[in-house]
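Undergrad: Here TrEMBL flags 560-578, 1226-1239 as compositional bias 'Acidic residues'. The compositional bias 'Basic and acidic residues' annotation in TrEMBL covers 597-607, 1216-1225. The annotation domain 'EML-like first beta-propeller' is assigned in TrEMBL to 12-252, 664-927, 1356-1627. The annotation domain 'EML-like second beta-propeller' is assigned in TrEMBL to 273-537, 946-1212, 1647-1914. Annotated region 'Disordered' per TrEMBL: 554-578, 597-617, 1215-1244, 1285-1305, in sequence order. Marked as repeat 'WD' by TrEMBL: 178-209, 275-307, 844-874, 1179-1211, 1647-1681, 1880-1913.
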Amino acid sequence: MDAFASTIWSILALHPERVLVATGQVGKEPYICVWDSYTVQTISVLKDVHTHGIACLAFDLDGQRLVSVGLDSKNAVCVWDWKRGKMLSMAPGHTDRIFDISWDLYQPNKLVSCGVKHIKFWSLCGNALTPKRGVFGKTGDLQTILCLACARDELTYSGALNGDIYVWKGINLIRTIQGAHTAGIFSMNACEEGFATGGRDGCIRLWDLTFKPITVIDLRETDQGYKGLSVRSVCWRGDHILVGTQDSEIFEIVVHERKKPFLIMQGHCEGELWALAIHPTKPLAVTGSDDRSVRIWSLVDHALIARCNMEEPIRCAAVNVDGIHLALGMKDGSFTVLRVRDMTEVVHIKDRKEAIHELKYSPDGTYLAVGCNDSSVDIYGVSQRYKKMGECVGSLSFITHLDWSSDSRYLQTNDGNGKRLFYRMPGGKEVTNKDETKGVHWASWTCVSGLEVNGIWPKYSDINDINSVDGNYIGQVLVTADDYGIVKLFRYPCLRKGAKFRKYIGHSAHVTNVRWSHDHQWVISIGGADHAVFQWRFIPERKLKDALHIAPQESLADSNSDESDSDLSDVPELDSEIEQETQLTYRRQVYKEDLPQLKEQYKEKQKSGTSKRRERAPGNSIRLHFVHGYRGYDCRSNLFYTQIGEIVYHVAAVGVIYNRQQNTQRFYLGHDDDILCLAIHPVKDYVATGQVGRDPSIHIWDTETIKPLSILKGYHQYGVCAVDFSADGKRLASVGIDENHTVVLWDWKKGEKLSIARGSKDKIFVVKMNPYVPDKLITAGIKHMKFWRRAGGGLVGRKGYIGTLGKNETMMCAVYGWTEEMAFSGTSTGDVCIWRDIFLVKTVKAHDGPVFSMHALEKGFVTGGKDGVVALWDDSFERCLKTYAIKRAALAPGSKGLLLEDNPSIRAISLGHGHILVGTKNGEILEVDKSGPITLLVQGHMEGEVWGLATHPYLPICATVSDDKTLRIWDLSPSHCMLAVRKLKKGGRCCCFSPDGKALAVGLCDGSFLMANADTLEDLVSFHHRKDIISDIRFSPGSGKYLAVASHDSFVDIYNVMSSKRVGICKGATSYITHIDWDIRGKLLQVNTGAKEQLFFEAPRGKRQTIPRMEVEKIGWASWTSVLGLCCEGIWPVIGEVTDITASCLTHDKMVLATGDDLGFVKLFRYPAKGKFAKFKRYVAHSTQVTNVRWTCDDSMLVTLGGADMSLMVWTNEMEGSREKRPCDSEESDTGSEEDGGYDSDVTRENEISYTIRALSTNIRPMFGIKPHLQQKEPSIDERQGIVRPPVSRAPPQPEKLQTNNVGKKKRPIEDLMLELVFGYRGRDCRNNVHYLNDGDDIIYHTASIGILHNVATGTQSFYQEHNDDILCLTVNQHPKFINIVATGQVGDSADMSPTAPSVHVWDAVNKQTLAILRCYHSKGVCSVSFSATGKLLLSVGLDPEHTVTIWRWQEGAKIASKAGHNQRIFVAEFRPDSDSQFVSVGVKHVKFWTLAGRALLSKKGLLSTLEDARMQTMLAVAFGANNLTFTGTISGDVCVWKDHILCRVVARAHNGPVFAMYTTLRDGLIVTGGKERPSKEGGAVKLWDQELRRCRAFRLETGQVTDCVRSVCRGRGKILVGTRNAEIIEVGEKNAACNILVNGHVDGPIWGLATHPSRDFFLSAAEDGTVRLWDIADKKMLNKVNLGHAARTVCYSPEGDMVAIGMKNGEFIILLVSSLKIWGKKRDRRCAIHDIRFSPDCRFLAVGSSENSVDFYDLSLGPTLNRTSYCKDIPSFVIQMDFSADSRYLQVSTGCYKRHVYEVPSGRHLTDQAAIDRITWATWTSILGSEVMGIWSRHAEKADVNCACVSHSGISLVTGDDFGMVKLFDFPCPEKFAKHKRFLGHSPHVTNIRFTSGDRHVISAGGDDCSLFVWKCVHTPH
């Protein structure tokens, strides 16, 4: 594979319609392009999945889907819906390289891939790609497959590395066509006539459709052929064949003239391509490469004229001026001169050892200069037969470039150090005097260093990555080639570093050389590793205008700089406002998204400290009432009218809908950080807002209901700065503030990302969707105007082409005009640019200073700028129709509020309802009437933080002071306006009203403070005693005699207000002061400092006091704004180290403490908040830091300030009980209680269970020693003695290994096992998993990995067996359109999308068809599934640590949304029966109410606040009622009733124990609950309730258990179906309460004991649950069960079937009589578990094997006393299985150390003679050890074992059960290792025992983990 360095390689797939091509590339973030081969337009870009590169691509039959294989470590296989740019499915491909992949064109949804030593057959179902490995078997050798083609009838043909063709049927190799080629087959192509193959041997072979040979074409033998030709690609159509070779040639062969292939294309191959020379007079180019060939190309015909192979790799070339000689520099230090005419050699000279890198003839043709890598240049005389004339030796590094002067007297050189030196010719003396070379005119310019080419280097870099330069003096341009594959065009000369350029992409890696043709029409460039020669056409500038149709190159790659911005001389200064804005950073130290994680981390640390009960949350709550402020300082076009004339805009983290008639506001509070942009839907009143965040979200919400419709996230970083809806309102475009300013196009309703692209390195201010073509959009920003169109999953962008009309300016706004071609943009200099397509047509001067906003109208435009002017224009910007200046004089008489300054900078304009709406940088929103008057609607503080806040002592007003140097008074009563404002000389940080409300004190940032008249705001008095910020200022209570002033230089000054003198200074603080409070008497000051000190001082002198901590709260404080001390210890959060509480304020009734912190939360606590981490209510509206909070004088309102968001928010205080719930509440209460949620053993067990996947299961028995297949075979006695026996032995024949019972009949081997019955139901740790189907005729449930459909009437079962591991949950689709559709979720491994990953299967219960497999990212497993109301969506919950909740559109296999659910176990999540978007999840101390919005999941925790003493318990089940009622069952037996997400009542003790199951009947709304309780007269474990859970009727389950534990309930027609913890499924009649047990099973496993009746179809099982059960196969039911009171380990029938022996775990064994079930005898001689028990065939002895390494013999003929007669000696380990010989004289014992021993009966003597052992005939064989069963041990049994085996009664078949849960069928005996077998899946890990029934009719297998018994029907081979 020689082409690995190139970028697009061999990965090219042709669409079936033969126009579209898909190509994939190499690189860190590779993408796939699908493009049109006619128009060469990109149609779709697929990206963001593969890493490292793309290895293969293939379209499917109808061309809708594309499959790709990556070059990453897992060789990921990915299937795309390429038109939509959407990935459908992905899976790890193989551990090693994949070379080819193809769709099976004859079967839907099947693919085949092949590669290093493998071939895999894939099927696609849902989002799951499931592979099956091809089985090479005995037909062929396992080897590397290079190519493949699919044919009919499941046939696949593949070409192998050794030249054979392998033919596959299904997944099996059926034949090989040997020697099809003599070496590797690289290409195989299928067409209508058959197949063509091409190989390394240079042959093409054609085959017919059945792969019989038609003909061979050996390309080496043709006239174009050569030795070593190797075919890499072949394509056959009709009588033409296309062939691609390893040496970069493409041939076309016509079949009947096969000796004359036509060469279509060729190029260099192998090694690097460096040499390039241009003929001086003809349009010829010469190239030479490491492949030792020199080639001459015609630039006119684009064809190869001559080719000549040299002895050495060629590194450089030159043609003399007369065009006769061609000089070639070689890699070995020699150079050769050829005649151009016939390529004959003139001379060959070798004077140097290192490579010749550059040579040039002098312009007069007399000399040749040769530059070598050993840093010298030699000069040779041409006419003297190239005699050496001189040498230049000034350089210290290798020579890179040479140029001659026009008069041939000087030579300039460049070397590897970047030095430029001059030499006199021809002697080679160095010129050191600069002046001598000053006036020299150079004949050519190819040097990379020198004044004239300074501009080709970037400004700040000294890297040496430009390989070649060539100057075109006539066109005054310069072309360069660099290491990044880019060819650039500069002006020549370019003197200043970092000049502007145009760039051209095409080469993949480094471009090694570039030259102008002799007439300067073309540029030739050559690529080092891509071996390509590119020919570019040069279009001089004067012609560019006519050539506008040659559109600038579309580029997907984001260039380093398309036009670098070096010469900033010609770019105007950025406007100060824009400058400020580009420097804003929206990064946060801590994002809200990080909080849950941080909380967990800190909780871990503090587990020890907090055992005290936490303080309860307060009863009061607050609701946002009004917000003063509008975000104008860094946002544009974020203000709109809705259709009913309300105004929508944003500030902080709040979307505001303002009604100007009523002067009220409504709020969207879904965001949790700054909103940066806002757009309105073109048709409906929907708004899109984008916010700041680590993974920032865009919310689309309805302005009427204020509910989110969709939330988009996952593709931006740090924040979203621009959004725009498409004209039809279906799509949304957004731009992020990450490095690349990513542009994303969304289908917002579905929440899907459609396309994504990198926008620009610099900030983008605006994105606009084309109103006429939904696939087009523009982005505008800093020196950026780009026109985009969608291509599948990518966007293709083209820069606006400015031409000579203007400079590349910064665009601040953009709109589309009246056709799809026209666009307009506003620049930072005040111009409006008019664009047609991508070309700038003209510019119009519109404003002084930047144009910040523009808006398109029906007949024109409106613009607004920094100059404070609104201008109306006609529809072509020809004339300005009208302007409005925003001035105070123009304010309408009735306007409330005050305009701060004239001509404020305008940031947003919108028209509607006869008005122009204007938003300003100063945070004002104004309405301009068309006739001129202006109304002020909203205002807030300007840029800078707001800290100072004071509420008036008796009026509903407040004062604020900010860094924007204003002091403002606000009315909090209905008018909500700014009453007064005054400018200050400095910014302020605090303010305070005097107790009488007449004076207002203000502390400023420079250390001064002033007192002003509170009404007029005029100065009364001011002081300046400090240098640092005044941080708090307070009047003493009462008469307000003193004023305390706190500053950042850690003092508090006390002034006497009357005398205006400083009377005291409080010293002693070690850090700046943050808060001060007076006591009621005005004598004591409480002070907080930045070092978290709480200090006390006495007024007026300021003497420091120490007060014990306990006394502080007893003192009456006039106000409390302190954040320290015992009374408010609880307000500090768990994550107190990363966040600070900035402010607090206590209500006047001392009940509620409000706090603000620097994460933007406002919280309410109950006061005093003692003890750590008090509970609270929390509100989000501010974005970053809440700087101050204050209650009004009557506690009716809370006023809060947001520092950087500059907003003033007014909240109303709602007392307990008085509040009605609003949907817009942003309240979150923190009630995550630390108390436990209750305890129950069953719940704990379900919560803590760890699910092992089969592939990782380990042995169930504690075995030790060496596994049988790894043991060395012991030589027999004969071998030891060296005796060679004759082959025909005269000894009697060996006896049968096994006594066979049906000797008379012909023995028929068993060829297959079919699952017929399963006894078992997984109720112990799963729930809601039994359902009715088909109107109650059938029930569906699961056990192990099997879904079971069970007919109620007949008991027959059918099975769904596609799961490859245990099923944990099951649900049935209730929608009539999806009848009988079931979803089941299974256990899995890590979530890597491989076949062992957890998955959900959706299947049809009747025909068992799999409809979809959804591989999911729930690592460990899926524990709950639920269908939505329409049946189209499926919800799944994982067992991963986050307990992820995922929503699927299951028919498409598409994941819609996913989110972490809870940090503890979620038990159930269910959709509301009437909804596709709402569902509820319940779990450990958890109930959450979820909404699906687009692709986002929003959740609300259940609120307990309204009910006293309600605590969050562990919730186990959920059901639903009408009117948004939800019922959840708890661990204590209560049922909670929720309205929306608020607890409204509790049904106490609905059951006595945990409520495990609830079911909502859809047709009548009745609810069934099932719980855990003891049966009693009035109670029952199942209850039927009315719709509101007020009345109920109880049902008792007549199971005879001490407690009934119900795990699943379901209600059908008049019947209730119940699944219990005891593995029973019971049907209860509603009328008569009669119970009918449908299914029985063992309760706890493993089931160790298994015995089949000697003659009837019965069998016994014995398990850990202490029962022995008798089952009837024919009647499909349990006949009887015996409770033993102890765990049973083994069971056995006597040979006649009249007695049963049972061995127990405690060492006891019992013998029962079958007829009466009476105990015949029992005995306990051992203390440890009995592992096996056996009757001898003659019924005389009972052998009992135990884990005490012993086997005891009992003589039954002595009666029921059961005295031990003897026992076996020296057993090396515990006993596993025992078998008697047919004559009852021997016993074989298999033991826990993988050794099998044989003992005599009854003596117990160990038999060691192998020959004697080989002659024994056994009555039964259940041993897993012995040479006869060596073949049952598999290769993969490192950690796991074969647990059990049983040989059929016919003696020729053997079944085994192992730790992987597999049942395997072998032939017996099977002495060869790794014998062939069939495997049957279904059990969970650990099959513990297995037996044939009489007559070999069935096999019974017993499960360890699944407590289930499987009955398999034996299928015998026909006679």
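Here the Cβ of each residue, glycine as well, is placed from N, Cα and C on the backbone.
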Undergrad: Any chance you could find the range in 12-252, 273-537, 946-1212, 1356-1627, 1647-1914 with the most Cβ pairs under 8 Å to the domain 'EML-like first beta-propeller' (664-927)?
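TA: Going through each listed stretch, the top one turns out to be 12-252.
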Undergrad: Count the CB pairs under 8 A between the repeat 'WD' (1647-1681) and each of 178-209, 275-307, 1880-1913, then give me the winner.
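TA: Ranked by Cβ pairs under 8 Å, first place goes to 1880-1913.
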Undergrad: When each of 12-252, 273-537, 946-1212 is checked against the domain 'EML-like first beta-propeller' (1356-1627) for Cβ pairs under 8 Å, which one has the most?
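TA: Ranking 12-252, 273-537, 946-1212 by Cβ pairs under 8 Å to the domain 'EML-like first beta-propeller' (1356-1627) puts 12-252 first.
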Undergrad: Could you give me three numbers for the repeat 'WD' (1179-1211), the DSSP helix, strand and coil residue counts?
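TA: Helix/strand/coil tally for the repeat 'WD' (1179-1211): 0 helix, 18 strand, 15 coil.
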Undergrad: Over the span of the repeat 'WD' (844-874), count residues by DSSP class, listing helix, strand and coil in order.
TA: 0 helix, 20 strand, 11 coil
Undergrad: Go ahead and report the DSSP secondary structure tallies for the repeat 'WD' (1880-1913): helix first, then strand, then coil.
TA: 3 helix, 18 strand, 13 coil
Undergrad: Mind tallying the repeat 'WD' (1647-1681) by DSSP state, helix then strand then coil?
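TA: Split into helix, strand and coil, the repeat 'WD' (1647-1681) gives 0 helix, 23 strand, 12 coil.
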Undergrad: What are the DSSP helix/strand/coil residue counts across the repeat 'WD' (178-209)?
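TA: Its residues fall into 0 helix, 18 strand, 14 coil.
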